[in-house]
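Let me begin by presenting the structure, written as structure tokens, before commenting on it.
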Ligand SMILES: [Zn+2]
């Protein structure tokens, strides 16, 4: 809260009294003491009665980098005051940039904490970073109302508050930055969760929560993004205005208290006079989503059938009895305005002119996939290619067509060639989001085909090269002043994908720029957006160590956290056995923070050699790794994922099974099952469509017909696969790869007739596990290790200038002298602080490198206090006491349930039960963005 009064005491101390904290849930209470500086701005007060003071606090020397976020904060406070028709509920709003903060951000009431990365922009920041920051800041500010002023009843309602915060953030970003086309971006983000939710191991959006460990495990992308998607469907159905009217009523009714999911549905139902509860429950309480299969009966009639979509493609009849209410949003060539038909039956016959294009899920706000006949898909493709309907088939619809087609191919519903053919219609596409999807879907394919004979792999690379080369030709390498950021993104994407496919001109240009850049850090040679592509291309196309050394030196030298992540991540693209070994050793060395190890390893799996070595490394060091990181479940999960998650051969499947057969996998059985299921899915895809792809490559001139014999050799692995499915004791052996061959496969590829064999328990595929979480996915989880949930009630000191803490910075020696970190303006600085600013900045970045020193900004005594009282694993007695005191303190508060859970979490820790550590989400995102895909 804001300062109420300050009294100067005789001994030179000051007594500061703060305004009374309003009633709130305990998990939202936060306090912070530190040597920080701030910049501030006020809202106009038009909607808040009087202007609200918004401040951005950051470590000394960095506050000005928060100008962008502060402006966003002011605008969003005004926006939400108007949207909810409720003034901002507190007298002030502080945003604090905290180094080494575990979650991306946390919406503590009036004191939102962020990782520095998630709130500060520097001159090395890419355009994407601006968008991410906007999404995060606005999301957290929406929680000040939706989440804080009205708080969830219990953790099972978390999805609703997170889903809505995500949804609302998109509405506001779209309003503030219409050029960003965020709703199209939303459609691309939803793809990850569509993948994840197409597995039998997925879970409903709404699930019961009985203990703290369930919270971290369940609240994943499904809760956030499927939640947000379903709300978007609801918005489409009711109309956004109606929905917001209902929300306003809900806020008024439950403000300063708790509410659950049904409370909201009932309020919306009253306001909108629609059966909201039934619609929402069908989507939130059922795992998975439907695919609509369109059958053309004649030239004017189609039949639509909905059934559960599984990426393994092996749905059983008894799994397919659920009916979702599906908003069809059907557009046709005659009437491109989508018709809002709600499908509430298994099948539906519609009148549609099938000689011209038609499209379902227009605008892509529905959470489902559509399987068209090849003729209908072709008509849509031709329409796109001709450009006549670019106004009608907007970015989101083009992304939808592509991603649906790709998903149906991977699930074996249609042959891979149909996707490759569809790609040809996109040659003249200009939108960066559509191209980003094309690149990802191609990478999925390449990942599976990577170990195929060289001519085939080269032919697929040629497809990729031709697609992306043209864009580079058109856009060049330079970033003109004032250019649309979307064009800049597209340029970087095209250079990366044409370069990684080995285009000689692009490789040569990347190498030329690399030399200039490394000679004297000439940043004009490599603009920020191109740093990753250029480093990657250079490392991939060399076997000498010179470039590797140069990038490593750059990693050690740069102060920019963004640049550091890039340098560390690209090391895994090293092309020789020596580089791979060095990357492995370096990742595990003291030089790399624990939180960054995974970034260094993520990219290793992109090459056949890297995958193999990572797998060897894991096997050799398993016991040590497992022991050392046992308490960090996510680390172990990711390590397994990176080591085995990209395999797509029978041999590797067996190796993995054999290796883990006699290991204790109790902490990682889920990820293991997921990975094995992923390998199985890829093997099946390959077996099914290997021939289909080769035929397509030849027919389309990417593969010479003479290499046929060479390709024939690869058939041997099919024999190996079939050999596993043998009969034993009159029964089929339990066989992990078996599946029924569905009729749709007839006529293409190899047929596997393993009907009736047992199936292994399914799991999510590797890519699904990898799907990026929203910025603050686990921010409000009461993990025993997260500071926000274990903080006791206390005051928050608004005035860091009263704390003279500089000596803390000086306790750390500094070895580097490259001060190329500049800033552009001065902010609130005080005397000696300014003098030492550069030195402190420098120290600050050094601190960032040193893991577990995240309390650097804290007053020594405050740090000791926290250590003594609240560091759970160390002071268990104290902990119990704190928990008990806390319980008493807040029994009367509405957030008492949170408190109970928190106490449970503490107790769990004291009893030695390890709760999964909240991983640095921002780091995860970075890792996923940079190295999360496979490549060739
Ligand atoms: Zn949130």
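Every residue gets a Cβ built from N, Cα and C, even glycine.
TrEMBL annotations: computationally assigned, not manually curated.
The feature region 'Disordered', as given by TrEMBL for the ranges 718-755, 756-793, sits at 756-793. Per TrEMBL, the range carrying the annotation region 'Disordered' out of 651-673, 674-696, 812-834 is 812-834. Within 10 Å of the C-beta of residue 162 (Zn(2+) binding site) we count 27 further C-beta atoms, all protein chains included. Geometry remark: residue 139 (Zn(2+) binding site) versus residue 224 (site 'Transition state stabilizer'), CA distance 12 Å.
Taking CA atoms as the reference points, residue 224 (site 'Transition state stabilizer') and residue 162 (Zn(2+) binding site) are 6 Å apart.
There are 29 other Cβ atoms within 10 Å of the Cβ belonging to residue 143 (Zn(2+) binding site). Recorded residues residue 140 (active site, proton acceptor) and residue 162 (Zn(2+) binding site) have their alpha carbons 10 Å apart, per Cα-Cα distance. Summarised as a single figure, the pLDDT of the domain 'ERAP1-like C-terminal' (357-680) averages 89.
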